[in-house]
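J.: Marked as domain 'Inositolphosphotransferase Aur1/Ipt1' by TrEMBL: 39-220. Here TrEMBL flags 71-89, 101-117, 159-177 as transmembrane segment.
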Amino acid sequence: MSRRGWREIVLLLGAFAAYSGARMLADPDLASARATAAALLDAERLLQLDVEAALNRAVTGTPWLAAAMSFWYAALHYLVTPLVLVWLYRRCPERYPVARNGLIIGSALGLVCYVLLPTAPPRLMPTGFVDTLASTADLGWWSSHASAPAGLGHFTNELAAMPSLHVGWAFWVAWAVPGLLPRMLGGLYAAITAVVVVGTANHWVLDAIAGVAVIAAGMLISGRLRRRPVPGRAEGDAVVARVPKQAMTCPDGPAGEVRPAEPVGAAV
């Protein structure tokens, strides 16, 4: 692997470690987090978005669906996003910097929300919800503490419901992949993930919406940084990535057309 490849691995692992550690800085007061969640639920009722209880009952009453959703929640969030990052790095290097930066910035915005606004998920409310992952924990590697592996539940922040980065990262996948069919599949993945996080009582509907919002903001910021002029260059000059010629194409457009790669901007 090239030096640049190792640098990317260190950068992403470091960012994920910092993100995971900083999540633990949130106030662990369950009563306060439940009060915030109750306020969210009141807002959802006004907006007629309060589908969590009905969806959770439907999932709980269908054992095979509860098991499938538990596997989806516990596994795909940690598999799909890294795989897409690797694919972009290898196959679409001209798209990779802005995609990577957008994911990191959006996740950082979500982290700020976790610290400033601890929110209890539906499964930690006093009544009305069944913790789907806890009820299916004997089927997989996860514990009764969200999707944390068995024995590591106390190293996770269970009051980090707002926003849902499960949904946010899934939305990022739909945006990051080029080509009509991959984006349609990415959109389906994001939609199913939204249903899963709500149906398993891990998030409120507004959490899912907020997850999309913070990642969208991260993508917009990353795009602006990419278009920022490079000091010492005339405006509009391209900064071209040093990638193999055969890698400078990326499928995009309808029916998987292949178009020339766009130059990489100033952001790295």
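Placed from the backbone N, Cα and C atoms, the Cβ positions cover glycine too.
A TrEMBL annotation is a machine prediction, not a hand-curated record.
Could you give the neighbours, burial and distances for every feature on this list?
T.: Across the domain 'Inositolphosphotransferase Aur1/Ipt1' (39-220), the prediction's mean pLDDT works out to 92.
Under 8 Å from some Cβ of the transmembrane segment (101-117) lie the Cβ atoms of residues 15, 19, 22-23, 25-26, 36, 81, 85, 157, 159-160, 162-163, 165, 168-169, 172, 175-176, 210-211, 214-223, 225-226, 267, all in the same chain and six or more residues away from its ends.
Long-range contacts of the transmembrane segment (159-177) within the same chain: residues 23, 26-28, 30, 33, 36-37, 40, 73, 77, 80-81, 84, 87-88, 95, 99, 102-103, 106-107, 110, 113-114, 117-121, 124, 183, 185-187, 189-190, 193-194, 196-197, 202-204, 206-216, 219, each at least 6 residues beyond the stretch ends and with a Cβ under 8 Å from a Cβ of the stretch.
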